[in-house]
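Asks: Annotation source TrEMBL lists transmembrane segment at B:12-37, B:57-85, B:97-115, B:143-162, B:191-214, B:226-256, B:277-296.
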Amino acid sequence: MADGAAPTAAGPAARLSRDGLPLLLFALLAAAPFAGFGDGASLTLMARAMILALAATGLWLLVGGAGLISLGHAATLGCGAYAVAILDAHGITEGAIVFPVAILGAGLFAFLTGAVSLRTSGVHFIMITLAFGQMAFFTAASLAAYGGDDGYTLYGRTEFLGGRLLESRLVFHFVCLGALALVWALCRAVLASRFGRVLRATRENPLRVQAVGFSPYPYRLAAYTLAGMTGGLAGALLANATEFVSPAILAWQRSGDLLFAVILGGLGRLHGAMLGAFAFLLLEETLSHVTAHWRLLFGPLLVLAVIFLPGGLVGGLVGGRRKPGGPA
Amino acid sequence: MPIGLLLVQALNGLQLGILLFLVAAGLTLVFGVMHFINLAHGVQYMLGAYLGATLAAWTGSFWLGLVLALPAALLCGLVLEVAVFRHLYGRDHLSQVLATFGVILFLNEAVRTLWGSAPLPMAMPESLSGGIPLMPGLLYPTYRLAIIAAGLATALLLWFLVERTRLGMLVRAGASNAPMVSALGVDIGRLFTAVFGFGAMLAGFAGVLAGPIFSVEPGMGDNLLILAFVVIVIGGIGSIRGAFLAALLVGLLDTLGRSLLPELMRLFLAPSPARQAGAALASMLVYVVMAAILALRPAGLFPARGA
């Protein structure tokens, strides 16, 4: 069965083989700070990787789950990040307020833009998500009170019950890991549910789904909103990781990066998004050490990956290839 | 706002619209005929500007630079088509978006490596560097008027090519049913390549024209590309006529919005917030219009026939 969340009445052994890779990844990330990767640079890189993976997992829900190609996912990260910045500017740094606001704010943005975008399909959907992404970008750039084009520097990370927990790199590492594992488990459960099955059916053939008596629209809108909420969470974490928020987070190129991470990992399995995000950052990190002009190598690698690795890393590793979904 | 300033802004908008049309025409043709989304089309505009600026500096003449840059841009387009894009025609839109995104990363960086990050200066041709009086005391740059004229002439030529020649007939036929055209004995692969190269050349032409008035720098094509996508979506994908009208609409909307909206907001707000809110609204305006049009008429304002 090629699909990541395909529900099968399997025993623990089959379950382990299906979820083995992501669980191994989580275990490795949990052990990494104590196995020689506890220095600041490694923790910073891993935090970035986990946040990117978190955002990519949410995007996978759309691209791999529903067959909806969004080129505006970075906007939801921007909503989350700007929620942190705007609340910070008004003196609110309590995590119990900041994180829900970031998640719900991004969810609301996704719900409103999704309600319009999902009326279209195919190329038009790509373009309209791109347009909404650009609108969010220009809105952020015009927020003069919160830095405008130059961005906004946070004075400190989000607190919890007044405690400056996240200031510790190690705690932040585990917060990111926990969030990633939670979102992965949530998306996996969503895809395996009845809702997820209808969603995946709308990817394969919306017409038949309608014939069976479902309307694809509310399912797609719910998935779009959910993906937006995960984007909001990723954005709030990203703001805390860099302690800086700028419109660059919302640039359409960032949406392209996210989409690339998802495809690099592969649409065959949900954890492809995580693999892709890690591979993406590793590639970027390695190449940028080789040359300052690392994009000269990165661009062609992207092209080659698309042409020669249609199943992504998951397809290559597990052989769980499915034909790339047609235009959504 | 005085009527003279309004006239100047309208002409600026028209000129932006013309440049947008030159870029969008190639984009919409390539999409219409090959159902291929080419994010890298904006880079071809940038390449045109760089080639034009470099060749003009070498030869010491804007006109020689322009004449030499066009075949060079055509060549770049053909090389890209053969090396990369040809392998993506049969693939889904997602693969096309990503692979062409990779081409953008590569070419933006290549330009930065070759020419540096600093904007490249490009001189206006002597003969067009003056101004033309629109009304007493109000000069408008001749060069910008020349861009408008050149763009209109190109649009006319394009209309003639597509509607009145055998090649144009094949392009239109290919757009509505490629397998059938192929079955009738036309080498559709070569037709695709020709359309692609021609589109790249048009984008390069726009780049050379824009060189003296915008800054020639890496990434200059990215923002124009997004606007060109807005244009083809508003105009109806695959329709040249739609692209032309939508390009003028977007150009005018964007330029007039930027100058008029801050003034308009002043009716409701204090001067400083009015300026900010107006500027923010103006930069979002075209995207709002696009979202509204897509939501109401998903196929665009002027959908291509038979598509």
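Glycine is no exception: its Cβ is also placed from the backbone N, Cα and C atoms.
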Asks: Name the range, of those listed as B:57-85, B:191-214, B:226-256, B:277-296, that has the largest tally of Cβ pairs under 8 Å with the transmembrane segment (B:143-162).
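Replies: Selected stretch: B:191-214, with the most Cβ pairs under 8 Å.
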Asks: Same chain only, please: residues at least 6 beyond the ends of the transmembrane segment (B:277-296) with a C-beta under 8 Å from a C-beta of the stretch. Say none if there are none.
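Replies: For the transmembrane segment (B:277-296), the far contacts come to 227, 230, 233-234, 250, 253-254, 257-258, 261-266, 269.
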Asks: State the non-local partners of the transmembrane segment (B:191-214) in its own chain: residues 6+ outside its ends, Cβ under 8 Å from one of its Cβ atoms.
Replies: 19, 22-23, 25-27, 29-30, 33-34, 41-42, 44-53, 56, 62, 65-66, 69-74, 76-78, 80-82, 85-86, 89, 122-124, 143-144, 147, 150-151, 154, 158, 167, 170-171, 174, 181, 220-221
Asks: Between the transmembrane segment (B:226-256) and the transmembrane segment (B:12-37), are there three or more C-beta pairs closer than 8 Å, counting only pairs 6 or more apart along the chain?
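Replies: Between the transmembrane segment (B:226-256) and the transmembrane segment (B:12-37), contact is present.
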Asks: Quick test of the contact rule: Cβ under 8 Å, at least six residues beyond the ends. What residues does that give for the transmembrane segment (B:12-37)?
Replies: 44-45, 85, 88-89, 93, 96-97, 100, 144, 147-148, 150-152, 154-155, 158, 171, 174-175, 178, 191-192, 195-196, 198-203, 205-206, 209-210, 224-225, 227-229, 231-232, 235, 237-240, 242-244, 246-256, 304, 307
Asks: Who are the long-range neighbours of the transmembrane segment (B:97-115) in its own chain, taking Cβ under 8 Å and residues 6 or more past its ends?
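Replies: Sequence-remote neighbours of the transmembrane segment (B:97-115) are 37-40, 42-43, 46-47, 50, 54, 80, 84-85, 88, 218-219, 222.
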